[in-house]
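Database features, via Swiss-Prot:
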type	residues	note
DISULFID	Cys35-Cys65	disulfide bond
DISULFID	Cys39-Cys70	disulfide bond
DISULFID	Cys50-Cys55	disulfide bond
DISULFID	Cys674-Cys722	disulfide bond
DOMAIN	24-71	domain 'TSP type-1 1'
DOMAIN	512-572	domain 'TSP type-1 4'
DOMAIN	637-732	domain 'Ig-like C2-type'
DOMAIN	811-873	domain 'TSP type-1 6'
DOMAIN	932-990	domain 'TSP type-1 7'
DOMAIN	1004-1041	domain 'PLAC'
CARBOHYD	Asn268	N-linked glycosylation site
CARBOHYD	Asn280	N-linked glycosylation site
CARBOHYD	Asn730	N-linked glycosylation site
CARBOHYD	Asn781	N-linked glycosylation site
CARBOHYD	Asn899	N-linked glycosylation site
CARBOHYD	Asn906	N-linked glycosylation site
SIGNAL	1-23	signal peptide
Amino acid sequence: MKCSYTVVFLLFYLLIASFHVDALSWAAWSPWSSCTKTCGGGVSRQLRRCLTSKCSGESVRFKVCAQKTCESKSRLARDTICGGEEIVSRGQCEVVCRSRLTGANFLWRVDDGTPCQAATSRAVCSKGSCQIVGCDGLISSSFRFDACGVCGGRGDTCDNGKFIWKVSEEYTACASNCDDIVDWSGAGRSIASTSQPIVVCVNAITGRVVPEKLCADKLRPKVEARPCPMLICPSRCRWMAADWTECVPHCGEGTRKREVYCVQTAHNVTVHVPDTFCENGTRPAAEENCVSTSCGRWEAGKWSKCTASCGQGVRRRHVACVGGSDCDEGGRPRQETTCYAGIPCSIATNSLDWNDRAYLDGNTFGSMDNHNDWQAPRLVAGEWSTCSSTCGTGVMSRTVECVAVNPISSAPIKLPMSECQDQEQPKLFESCEVRSCPLQEDSKLSEDEAPYQWRYGDWTQCSASCLGGKQKAALKCIQVSTGKSVQWSQCDARRRPPEKSRPCNQHPCPPFWLTSKYSDCSMSCGSGTARRSVKCAQTVSKTDGADAHIVLRDDRCHFKKPQETETCNVVACPATWVTAQWTECSRSCDSGERRRQVWCEIRDSRGKTQRRPDVECDANTKPQTVEVCSFGSCSRPELLSNRVFEQNAEQKKLTLGIGGVATLYQGTSIKIKCPAKKFDKKKIYWKKNGKKIKNDAHIKVSANGNLRVFHARMEDAGVYECFTDRLQGNVTLNFKYRDFPASRVDLAPKPQIPSTKNRQRVQVSKEDVLREQASVLHKMNVSLIEALLTAPNDEKAREQLRKYGNELVARWDIGHWSECRQKTCHVAGYQARGISCKVTFHGEIRNVDNSICESLASVRPPETRPCHREDCPRWEASQWSECSSQRCVSSMLAQKRRNVTCRFTNGTSVDIQHCDITNRPATTMDCPNQNCKAEWRTSDWGSCSSECGTGGVQLRLLSCVWISSGRPAGRNCEQMRRPHSARACVADEPLPPCMPTASALYQRDASCQDQSRFCDIIKLFHSCDSLEVRQKCCSTCTFVERKKF
């Protein structure tokens, strides 16, 4: 009955304790610890202590910190966590590694605070799993932003006036290397793009970022992008060739040329880059041979008759380009020439003013005394009449008169024809043809005899100013007699020549300034700036697209560069808040604060600013003036002392100070004091081997800042550091083993432990305890033995149990050590074994909970221990070779060598991947060597290229070599005088003269002659491909070409 009463009472006690309010069970939260990182995502921790035996909830909570992206680009923690070992699987927060030596797998957790990807929310890694981060910054928090941007709100406090757009100081990322370039069509982030400022919607009062929909009713600010540096990626560079020029010469075999560029295309813009970036590709030919089939030549017809019957006239002929349309205008034969009729024109017949009656009247002449003063009569022909036929052959006529001239008045006098009968009479009729008759197919007039002929006139303007255009010769119909242009209908359409054109302006286009459209204005008010791209470019192809132009350096354009910016939105702005730069952090390490000034300012239409009273700006949008800053943990001091402490085997508890090294027995309880003065000791924290210590039943930091370790184990060995606002000192603990004898129950009186505050003590009567104890000892009920040994410390109960003390024995049952397990080299392995607690009473042995042995003051043996440590392989380098015998690399400088291998301490060689490749010693090193001198070496002169005459040439080989070894020395002879590699033939006796050949006889009267004394080299190499060679060695090349056939 009393036993049942006891059980009911215990259950009632547990039920009452479970209803204690958490606020009374927990102490206040500690201050936040410093962030585990300074950038890239870390965590900060906060602790609270349970004041009662039963507390619900967590004793530690975490928040994210240092979320700013690190400036220096580093590899992801998931990629480096295995420390060079093989990565078997890579989770977001856990990575499985495999030892390259043993093949064993082991699990590593990613650092807490490392960002990870959750389904819908922001998340970070915590304790090996991806945990949601609440809007309050706490990991695993259930707080979220509501529709109004309030953290943990209910969506009923929206005020759109509180939310504004804000241009952050962060920009979108530029491509930092060629692997980041994801789109070469211009749509993605590519080579020389721009970086945009990030615009976010924020709560104007708190400054927190909120969903963008809360700023949907406000105009999003226009931002000004900044250009990204251009990346030149050799793997994406290519050769680009311009269009070919026309074949030169225009008839027969010749050459044509084109420009070849190394380019890189981005955003539909082709940029000219140095040729070295295209070395992996095949460079297109810049020159090639060609054959032009358009070989026009001039042909001239017969001269026409002289147009004058006396004095000087004109003769004309037809000149045409046949066999093509590219005849050289400079070599065009003359189409007109002067001619002489053979009879001087002493009288201007066109001015004769006839008056037959007056001058033939005898009375007129009769009055003159001297008839001898008259000139002798002569026949004078008049102008030809028009042709009797408008087309085809006709007749034209003229009159012939006998006249004389009075030498005094110079007036002509018409005489009877009989006065001139002794003179030869000129023709009175002549055949003529105005034009060919179109319907008269059987016309026998040649083209040269036609009165109207087709002629080519001046060239039209070139169709292009560069890169090769076309121009045409204007076709005209000319009246042969006058040389004037008439309508085309006057010329024979059947004889109309083909259209004639020629290439023109084949030179490259000059560089020019290529401009884009202006961007949007950088300011919505207050005089902003619009920008555009202005680049020096050159057109290299007539095709459209990115390959039509290449971008050059600005100094290649000789005209004034157009402006890249222009002023826009010249209107005044309303008053707004302006912030100054943040001050320096108040602390150089750990957490501090920094401040900045904030004032109200207006910007006028000209862009000038003026401070205004704060009341003119919106107080709800005023930026913060103070914020927290952190620059990582404070620097470490050196070890405070070199004290060495060795524990005495009789000691069970020890108190140590900071400094030195202590070697202790396992199982010892330790207290280490932190020498902090004038500091809040509740804020003291400890680290073991660089990792912050978390309180538990085995190890904890007390309220006064001291570190306590209960029943120390072998794995507790390490370096312990004490921190306030900086490192105060450290101590190194090592442990050694001791024997583990069986422990008997100590039933001696012990001082009563005072009860904890708010904890009730269960009262048990003497008779109940004796009855329960007798049942336990006789029936060996393990559960009741545990209840007896953990019962309240009642003096009367202990007196009743004292008589059984010698018969109740508790001891540890210890198993065998396992094989040594070692995850990786340079880290000690470990061995494990099983332990269990056994109680012996009246000869009977039972396995019981381990807590029974521990409660009997028996030291618990360690379940693990360190084992042999296998060192990592290391680099071993041999001695350097002698510099004097090594290969020369430049003048007075050689390169010595040595072997570098990866070996274990026992001398075993392994693959180099097992050693740290970043610390591999150099295998080569430059060293001074006086023997490293280069010189030109020549071979003997070769035989003469000619067996006769004086134009022969001798050749020899040149090579730059090291004097000491005779090996090739590359370009190390460039500063020395280069010996001649060719000379005119030198012989003891002059060579006999060459016999004339058919080729020589053929060229004897021609202008094709050799102009260089080295033309005989062509006979050795049979190379006349170059136009310059053919011009300077015309005779030799003719001989070579004839010899081929």
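Backbone N, Cα and C atoms are what each Cβ position is placed from, and that goes for glycine too.
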Number of Cβ atoms other than its own within 10 Å, given for Cys39 (disulfide bond): 15
Mean of the pLDDT scores, which run from 0 to 100, over the domain 'TSP type-1 7' (932-990): 82
Inter-residue Cα distance where the pair is Cys65 (disulfide bond) and Asn906 (N-linked glycosylation site), in Å: 47
Lowest local Cβ density among Cys70, Cys674, which the record lists as disulfide-bonded residues, within 10 Å: Cys70
Protein Cβ atoms within 10 Å of Cys50 (disulfide bond), excluding its own: 14
Cβ neighbour count (within 10 Å, all chains shown) around Asn280 (N-linked glycosylation site): 9
Winner by Cβ contact number (other Cβ atoms within 10 Å) across the glycosylation sites Asn268, Asn730, Asn899: Asn730
Cα-to-Cα gap, Cys65 (disulfide bond) vs Cys39 (disulfide bond), nearest whole Å: 8
Cα-Cα distance linking Cys55 (disulfide bond) and Asn899 (N-linked glycosylation site), given in Å to the nearest integer: 66
Cα-to-Cα gap, Asn280 (N-linked glycosylation site) vs Asn268 (N-linked glycosylation site), nearest whole Å: 23
Cys35 (disulfide bond) and Cys55 (disulfide bond), distance between Cα atoms, whole Å: 27
Fewest Cβ neighbours within 10 Å, where candidates are the disulfide-bonded residues Cys35, Cys55, Cys65, Cys722: Cys55
Counts by DSSP class (helix H/G/I, strand E/B, coil) across the domain 'Ig-like C2-type' (637-732): 6 helix, 40 strand, 50 coil
DSSP helix/strand/coil residue counts for the domain 'TSP type-1 7' (932-990): 0 helix, 17 strand, 42 coil
